[in-house]
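Engineer: Dropping a structure here in structure tokens format, bear with me for questions.
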Amino acid sequence: GAFIMPGTLWCGAGNAASDYSQLGTEKDTDMCCRDHDHCSDTMAALEYKHGMRNYRPHTVSHCDCDNQFRSCLMNVKDRTADLVGMTYFTVLKISCFELEEGEGCVDNNFSQQCTKSEIMPVAKLVSAAPYQAQAETQSGEG
């Protein structure tokens, strides 16, 4: 089965929630993941979109969604949120995409040759910056 972070239903590969309103015990972190899962502009593995094919084995999201996800997790300020943030941005280094004006193929005539291209927003991958942990370390620990 897919890996879901303990205490959450939405953090990890896929989700374990039966409906949108359902959240795990780590509610705040789970809400960040749920919002990110519902990003309005994503590219599934091997999908061709915005003039680019996503050759990664996972979905990539528009950078606006990833930036919002990062801020959301950082505002939770607990260890679960940090673990999710570190896993996604620092360990897995999941890229996001931004749209830039460029030349994209609109008709490739079912061959490798592009027969018609035009100026359109074209996706460009952006590498993830490492996540900065936010949980306060307890004084007198470690």
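Quick reminder: no glycine exception, Cβ is built from N, Cα and C everywhere.
Got these off Swiss-Prot a minute ago, pasting:
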BINDING   TRP10, GLY12, GLY14, ASP37  Ca(2+) binding site
DISULFID  CYS11-CYS33  disulfide bond
DISULFID  CYS32-CYS72  disulfide bond
ACT_SITE  HIS36  active site
DISULFID  CYS39-CYS65  disulfide bond
Engineer: Using a 10 angstroms cut-off on Cβ to Cβ distances, just flag whichever of CYS39, CYS65 is the loneliest among these disulfide-bonded residues.
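Structural biologist: Result for the disulfide-bonded residues CYS39, CYS65: minimum number of other Cβ atoms within 10 Å at CYS39.
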Engineer: Return the count of C-beta atoms lying within 10 angstroms of the C-beta of GLY14 (Ca(2+) binding site), excluding that atom itself.
Structural biologist: 11
Engineer: Out of the recorded positions listed (CYS32, CYS33, HIS36, CYS39, CYS65, CYS72), which are within 10 Å of GLY12 (Ca(2+) binding site), Cα to Cα?
Structural biologist: CYS33
Engineer: Roughly how many Å separate the Cα of CYS32 (disulfide bond) from that of CYS11 (disulfide bond), to the nearest whole number?
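Structural biologist: CYS32 (disulfide bond) to CYS11 (disulfide bond), Cα-Cα distance: 8 Å.
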Engineer: For a quick check of understanding: among the recorded positions CYS32, HIS36, which residue's Cβ has the most other Cβ atoms within 10 Å?
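Structural biologist: The largest 10 Å Cβ neighbour count belongs to CYS32.
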Engineer: Let me know how many other Cβ atoms fall within 10 Å of the Cβ of CYS72 (disulfide bond).
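Structural biologist: Excluding its own Cβ, the number within 10 Å is 20.
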Engineer: If one measures from the C-alpha of CYS65 (disulfide bond) to the C-alpha of HIS36 (active site), what distance in angstrom results, rounded to a whole number?
Structural biologist: 6
Engineer: If you count Cβ atoms within 10 Å of the Cβ of GLY12 (Ca(2+) binding site), leaving out that atom itself, what do you get?
Structural biologist: 17
